[in-house]
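Participant: So TrEMBL says this about it:
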BINDING   GLU55, GLU85, HIS88, GLU173  Fe cation 1 binding site
BINDING   GLU85, GLU137, GLU173, HIS176  Fe cation 2 binding site
Amino acid sequence: MQRAANTALHGCAQAGGPAHVGLTSSRAYGVIPPPRDPEEKEMLHRILRVDHAGEYGANRIYAGQMAVLGRTRTGPLIQEMWDQEKKHLEKFNEILAENRVRPTALLPLWNIAGFVLGASTAVLGKEGAMACTVAVEESISEHYNSQIRALMEKDPERYIELLNIIKEFRDDEMDHHDTGLEHDAETLPGYWLLKNAIQLGCKAAIYVSQRI
């Protein structure tokens, strides 16, 4: 199961450190270390730009779902997940401002596309909204895992604060993914077709958001 695989990676990524996310540091800087060269600066800016874009898009998706299902029995569940995504976005807004990283130029597009995706799948009912959640959160979790691997390979001590944040948010996304499965996502007719289509879009969005 996706959850088990990601949990195993979580443990692997923290090898050599405490078994919890909240590691401490006495560094003088905040989440992002001062880049040592243009290559490192570009790498960090790409990570922050795409993560901010992902959390922004997720917020818009949940906003679209709430516009359709907010007054149903599913509304509180969607709101709970959305509230976590709001915290993620707020944190990345803060980090981008602190480090003078420009967000992707495609935010206006993700604003509309995210809302339309959330609302259009929610029109299919609770199962449609949950199928969308599973597809998107799985994609985001896998992307966060790839970032964790890359940062661990480079210098886990240097990037410990950023790793802590990514791991924490990745775990939240995994929880949302599992919540979607627990609330009948897979019972939606055409579930696998919808899931694959959404994840193809997510991959394209990740690719362009890193670069534009």
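Cβ atoms are placed via backbone N, Cα and C, with glycine included.
Heads up, TrEMBL stuff is auto-annotated, nobody curated it.
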Participant: Between the Cα atoms of GLU55 (Fe cation 1 binding site) and HIS176 (Fe cation 2 binding site), what distance do you get, rounded to the nearest Å?
Facilitator: 13
Participant: For the Fe cation 1 site given as GLU55, GLU85, HIS88, GLU173, which other residues of the same chain have their Cβ within 8 Å of the site's Cβ centre?
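Facilitator: Along the chain, the qualifying residues are GLY54, ALA58, ASN59, GLN84, LYS87, LEU89, ILE140, PHE169, ASP172.
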Participant: Using the CB centroid of GLU85, GLU137, GLU173, HIS176 as the Fe cation 2 site centre, which other residues of the same chain sit with their CB within 8 A?
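Facilitator: The answer, listed by sequence position, is ALA58, MET81, GLN84, THR133, VAL136, ILE140, SER141, ASP172, MET174, ASP175, HIS177.
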Participant: How many whole Å apart are the CA atoms of GLU85 (Fe cation 1 binding site) and HIS176 (Fe cation 2 binding site)?
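Facilitator: GLU85 (Fe cation 1 binding site) and HIS176 (Fe cation 2 binding site) have their Cα atoms 10 Å apart.
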Participant: Do you know which of the binding-site residues HIS88, HIS176 has the most other C-beta atoms within 10 angstroms of its C-beta?
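Facilitator: Of the binding-site residues HIS88, HIS176, the highest Cβ count within 10 Å belongs to HIS176.
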Participant: Are there residues of the same chain, six or more positions away from GLU137 (Fe cation 2 binding site), whose CB falls under 8 angstroms from its CB, and which are they?
Facilitator: ALA58, GLU173, MET174, HIS176, HIS177, GLY180
